[in-house]
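If you check Swiss-Prot, you get these features:
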ACT_SITE  Ser180  active site, proton donor
ACT_SITE  Tyr203  active site, proton donor
ACT_SITE  Lys207  active site, lowers pKa of active site Tyr
BINDING   Leu19, Thr42, Tyr203, Lys207, Ser239  NADP(+) binding site
Amino acid sequence: MIHNRKTQTVVITGASSNLGIAIGKRLIDEKKEDAHLTIVVTSRTLRNVRVAIKTLKAHAVAKEVGPEVDFDYLLFDLADMTSINGALVELKLRFSRIDTLIFNSNAANYIGINWPLAMWRFTTQFKSEIENPSCMIQAVGVKSDDGMGSAYQSNVFGPWYMVLELTEQLKNGGKVIWISSITSSEKYVDLEDIELIHNKEPYKGSKRLIDVAHNYYSPKLEEEHGIYSYLTDPGIFTSSSASEYLNIFSAFGMYLMFYFARLIGLTTMNIDPYKGANVPVWVTLSEDPSALKREYRLGSRTGRWGTEMMDATKLQYEGSEEVGAYIDKGVGEWREKLKDQIN
């Protein structure tokens with residue numbers, strides 16, 4: 001499908017996830033009246049794409065804006081550079097302009113829950129554990145078929161490779177929106193292991209790398225191409241990453257703890273993915289990208305009784321130069337490896 005009419009084009013990775021669907025719904029709900037919107041749904045499987053588009057189309061019809069919203073899709077895997085290269089070819093062919101890229105990448109490699117630790121931590125350190133759970137067990141040493149750390153490639157390197165290859169489509173006002181996390185912290189990254197191969201919490205480490213890579217690339221993108229990069233976080237919400245390890249009783253208990261945490265004042269407890277999508281969509285639809293705080297991480301928040309809010313967190317970006325240089329080196333190497341493919 002080649003899109004010629006004037007429309008705001010938004011590409012969402014991980015669009016079939018709970019948060020991805022919520023972002024799509026909020027884009028439909030909050031777009032300007034009579035404005036045209038093209039949502040490009042991406043996933044690794046055709047089944048997930050079909051479900052996502054069917055859900056979003058039904059939402060657009062229910063909101064009586066069906067004719068004003070178009071859908072397209074791409075199938076690719078952020079843990080496969082050949083797949084990424086194919087997606088880049090398709091994006092360049094279909095779209096002369098991309099207004100926003102939303103990277104909702106969420107490769108975590110969870111393999112279970114440490115239940116004794118969970119019970120101890122939730123009993124003795126409830127606030128810190130509910131916001132930053134230490135009981136989730138992640139696989140260590142997982143590499144992609146390309147030989148990179150899986151979480152690093154899927155959440156950090158693959159997305160940045162795409163951004164740097166799509167500067168022509170994004171230039172002069174395009175936005176890149178990163179879904180970071182409140183769990184991001186410098187303690188989860190060792191600069192001697194940037195690919196997170198030996199990291200016991202590669203998901204949290206990848207979110208920290210997203211933050212510092214943004215700090216490295218954001219000024220360059222803006223100065224050289226007029227592209228704006230933003231860090232956002234969706235707070236805490238129900239997602240499938242942990243739910244698959246819960247039975248009906250533990251899932252109910254999780255919901256109770258989330259609502260209790262919100263009642264005692266933890267505004268990060270969005271719970272509903274739709275509330276988590278608040279800030280990413282607000283940034284997407286903002287008409288003055290230069291006015292937004294790009295040096296902060298902008299977070300979706302919810303008050304005790306469900307009122308939506310926004311939070312801006314000033315971050316420390318130690319390691320930005322090292323991480324940025326490492327990504328740059330990888331980008332150069334993969335451009336050389338992929339140069340003989342169609343582009």
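Glycine residues also receive a Cβ, built from the backbone N, Cα and C atoms like all the rest.
Sequence features annotated in Swiss-Prot and their locations in the structure.
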| residue | record | contacts (Cβ under 8 Å, 6+ apart) |
| --- | --- | --- |
| Leu19 | NADP(+) binding site | Asn104, Asn106, Ile179, Pro234, Phe237, Ser239, Pro273, Gly276, Ala277 |
| Thr42 | NADP(+) binding site | Val11, Ile12, Thr13, Gly14, Ala15, Val49, Tyr73, Leu74, Leu75, Phe76, Ala87 |
| Ser180 | active site, proton donor | Lys207, Ile210, Asp211, Leu231, Thr232, Asp233, Arg297 |
| Tyr203 | active site, proton donor | Asn106, Ala107, Ala108, Asn109, Tyr110, Gln138, Ala151, Asn155, Thr183 |
Worksheet item: Once the DSSP letters are reduced so that anything not helix or strand counts as coil, what is Ser239 (NADP(+) binding site)?
Response: coil
Response to the item:
Lowest 10 Å Cβ neighbour count of the recorded positions Lys207, Ser239 is held by Ser239
